[in-house]
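Below is one structure, written out as structure tokens; the observations come after it.
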Amino acid sequence: MDKQTLAQRNNLIRAAVMGANDGILSVSGIVIGVAGATTDSFAIFIAGFAGTLAGTVSMAMGEYVSVHSQNDAQVKAEETQTVALKTDYATEFAFVQQKYMNQGISTDLAAQATREMMAKDALGTTVRERYGFTLHHEVSAIGAAVASMIAFPLGSVLPMLAITLLPPHVRVPATAVAVLIALAFTGYAAAHLSGANERRATVRNVVAGIFTMIVTYLIGSLIGH
């Protein structure tokens with residue numbers, strides 16, 4: 001069995017991190033919303049548990065469909081380039097050469113590099129330059145679904161335990177603090193894996209958590225009273 005590439009492993013880790021993040025955010029919104037309506041710990045727990053089950057299945061299926069669709073698009077791109085190389089090799093050669101020239105490489109050196117790259121792997125070279133992915137590095141749709149399926153309930157454990165085990169007079173603020181710390185961590189991790197701005201992503205994730213918990217708590221309080 002071929003070893004996973006770094007990109008493939010990172011995609012599986014990304015699915016796990018995002019699954020955990022959604023578990024934290026979704027279930028915290030549910031349990032804090034219910035806590036706004038009632039102080040019954042069992043009712044809060046049941047609501048959180050139901051949300052965890054629904055979220056686990058929906059996240060796993062969503063990840064499976066998303067990754068499968070991406071892989072299907074890559075297969076289609078590979079088929080398109082296979083035909084293009086057979087019917088109009090010169091155009092594909094010129095496209096790759098121009099891409100190299102756009103990066104500041106001289107015309108002669110770009111032509112030489114294109115000849116060498118396409119002589120070695122014409123399909124892989126044109127797919128990479130036209131579509132931005134490497135052949136045979138598809139992410140496992142099942143692997144991503146399983147990673148998300150495991151991570152979502154793990155993420156939901158934090159808000160569920162906090163809201164049900166803490167004393168009623170501190171459960172909501174204490175749960176909110178715990179959730180925001182966890183969201184800061186998952187936001188940072190997701191940004192680090194994707195190469196995005198880590199500070200901005202962390203703040204955005206925390207703000208989303210604050211907004212979610214405030215809205216659900218207010219709605220729960222209105223319904224409960």
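Backbone N, Cα and C define each Cβ position, glycine as well.
Annotation source TrEMBL lists transmembrane segment at 12-36 (among others). Sequence-distant contacts of the transmembrane segment (12-36) (same chain, at least 6 residues past either end, Cβ-Cβ under 8 Å): 4, 43-45, 47-48, 51-52, 55-56, 59, 63, 67, 139-140, 143-145, 147-160, 163-164, 171-172, 175-176, 179, 182-183, 186-187, 189-190, 193-194, 205, 208-209, 212-213, 215-221, 223-224.
Cβ atoms under 8 Å from those of the transmembrane segment (42-61) belong to residues 19, 22-23, 26-27, 30-31, 34-35, 145-146, 148-149, 152-153, 156, 159-160, 163-164 of the same chain, restricted to positions at least 6 beyond its ends. For 42-61 (among others), the entry in TrEMBL reads transmembrane segment.
Taken from TrEMBL, the feature transmembrane segment applies to 139-166 (among others).
Residues or ranges marked as transmembrane segment in TrEMBL: 172-191 (among others). Residues 14, 17-18, 20-21, 24-25, 28, 31-32, 35-36, 155, 158-159, 162-163, 166, 197-198, 200-206, 208-210, 213, 217 of the same chain lie 6+ residues outside the transmembrane segment (172-191) yet bring a C-beta within less than 8 angstroms of a C-beta in it.
Among the features that TrEMBL reports, transmembrane segment is placed at 203-223 (among others).
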* **For the transmembrane segment (203-223), distant same-chain residues with Cβ under 8 A (at least six beyond the ends)** => 21, 24-25, 28-30, 32-37, 172, 176, 179-180, 183-184, 186-187, 190
